[in-house]
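A.B. asks: Copied straight from Swiss-Prot:
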BINDING   Gly10, His11, Ser12, Ser13, Ser14, Gly15, Lys16, Ser17, Thr18  ATP binding site
Amino acid sequence: MKKIVIAIDGHSSSGKSTMAKDLAKEIGYTYIDTGAMYRAVTLYCIQHGFFEGEKIKEEELKASIHDIDISFRLNAETGRPDTYLNGVNVEKEIRGMEVADKVSPVATLGFVRRALVAKQQEMGKAKGIVMDGRDIGTVVFPDAELKLFVTASPEVRAKRRVDELEAKGIPASYEEVLENVKKRDYIDSTREESPLRQADDALVLDNSHMTLEEQKAWLLEQYHKAIGS
């Protein structure tokens with residue numbers, strides 16, 4: 001059976017990561033969470049004092065960008081990959097609100113995106129991957145055999161994010177998360193470097209009122225169509 005690249009783009013907290021993880025597990029592909037990579041760089045910046053309020057010290061980050069090693073290792077308990085920053089498991093830290101509030105300024109930096117896109121393209125050379133993010137189908141893998149664009153209303157996405165954080169033992173305010181979701185939508189859609197946009201040949205899924213099982217069935221149907229089975 002031929003292996004392909006599956007690119008899943010969409011808004012923050014649209015459920016695309018859960019969908020991508022479940023699909024990868026179901027079909028035996030490798031899952032790569034590009035959002036986690038940008039969050040890991042953001043955590044590195046926080047740890048090294050590269051923020052002055054909302055502003056990032058660009059020159060200091062640029063000088064350190066090649067010292068940042070991001071990898072994914074399978075968590076035997078969850079059956080899903082955890083994110084490692086320079087050899088340390090940071091899966092819980094990168095999901096907190098402090099990182100969520102600061103990730104957009106980091107992700108808008110051209111040199112950060114170029115460094116991570118190069119790493120993502122290297123990861124996908126052998127195919128057999130499911131990669132989710134904001135610019136996978138438009139920038140990272142414009143020739144991906146299957147492109148999907150996932151969306152949902154800001155209110156639905158904020159509720160999902162709160163539920164996800166609380167399930168991990170991270171306290172969260174719905175109003176604060178909703179404000180963060182809307183702010184990230186604006187920044188992601190208007191930034192100069194690789195803005196969030198739907199690829200012309202992407203299949204669109206609005207999952208505002210779909211169950212996880214309905215989403216999974218739809219995804220598998222698109223996958224089998226793409227590989228011709």
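Each Cβ is built from the backbone N, Cα and C atoms, and glycine gets one as well.
In the displayed structure, how are the listed features positioned relative to their neighbours?
C.D. replies: For Thr18 (ATP binding site), the same-chain residues that are 6 or more apart in sequence and have a Cβ closer than 8 Å to its Cβ are Leu212. The DSSP secondary structure for Thr18 (ATP binding site) is helix.
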A.B. asks: Near Ser12 (ATP binding site), which residues of its own chain have a C-beta under 8 A away, given they sit six or more steps off in sequence?
C.D. replies: Gly35, Arg157, Arg161, Val181, Arg184, Asp185, Asp188
A.B. asks: Same-chain residues six or more away whose CB lies under 8 A from the CB of Ser14 (ATP binding site)?
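C.D. replies: Once residues fewer than 6 apart are set aside, Ser14 (ATP binding site) is near Val150, Thr151, Ala152, Arg157, Asn207.
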